[in-house]
């Protein structure tokens, strides 16, 4: 195996440090609710608010609660923007061991195409999860003062209700679920399936109404773990591997002998890129295994293909480095295979990174512009070197024909 040079390691360190600086961690956990929402809640008799949060990275929903523990009376107010022509807002409690959609006793407000505001109670069952119609149904909660309205100055649609909690609902560990959707069945009080993104699947929490503290229900919903997964894959598959390809294609002496030891740089980038990317892939596998209630099979399949392609490339590189062989035909086929797999790997990596950003809904932050910028810089460098190479090739050809 060719040993990495110190300068190659330094370049790779700079790349890794740059990414860690650009893609700083964000927190998907709830923030304190906005002053306007808090003020509106207090005006609506939620005077001594026990719990008030805004879930910035989970649909932007704001939720305020006021618990009278002796009577087990819970007043709730849930607000969010429904920006499309139709939409629905849902909130509910789940008496089960975990906060999840199935088993939730939900209150849903619906905004119809003609502007009407409808509301009703829904029992969310496994049939809903597999795509059956979600229609109004009895729930096991004593609900009063249930209404769904629009607050103009907040631009929020708001669910408000009073609930008498049965004893099976533990106020020190209360599972609540919220959701937003766009599509509504025409002429029916039927909310259609919500978008399938992490921000939608993360719309659950277990809260302690005595302390006002809440915690996410699943460990893998931590944004830090997801961002580690994303950053490692972007560094490994999305940056170091393309840099290694550019070095191998353009710095071996043509068009200009800028890197006499180009092979060390190429192998350094590919090896470190593989290690970093494979680590990110392993984190992604763990996230998938930890996810009981949802998965992203296409993203996972692409990720496994990337890992397999990269492993083939590394094994091939190591094997032929020790046993280079002298047979010209074998060497030619090996080189063709290496190039085809390598370029395929870059294309699939780019597609899957974009899919991952979209799944995490980071396309609405600086992640997508940053990745486009870095990918664009690499593509620009590649194109410039291709133009220079072809220009020099044509010049050399013309000189030889004279």
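Cβ atoms are placed via backbone N, Cα and C, with glycine included.
Here is what TrEMBL says about this protein:
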type: TRANSMEM; residues: 6-28; note: transmembrane segment
type: DOMAIN; residues: 59-181; note: domain 'DOMON'
type: DOMAIN; residues: 192-394; note: domain 'Cytochrome b561'
type: BINDING; residues: 229, 266, 299, 338; note: heme b binding site
type: TRANSMEM; residues: 231-251; note: transmembrane segment
type: TRANSMEM; residues: 271-288; note: transmembrane segment
type: TRANSMEM; residues: 300-320; note: transmembrane segment
type: TRANSMEM; residues: 340-357; note: transmembrane segment
type: TRANSMEM; residues: 369-391; note: transmembrane segment
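Annotated features taken from TrEMBL, shown on the structure.
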| residue | record | CB count, 10 Å |
| --- | --- | --- |
| 229 | heme b binding site | 23 |
| 266 | heme b binding site | 23 |
| 299 | heme b binding site | 18 |
| 338 | heme b binding site | 16 |
For the domain 'DOMON' (59-181), residues assigned helix / strand / coil by DSSP: 4 helix, 65 strand, 54 coil
Segment confidence, the domain 'DOMON' (59-181), expressed as mean pLDDT: 91
Maximum Cα-Cα separation in Å among residues 229, 266, 299, 338, which the record lists as binding heme b: 28
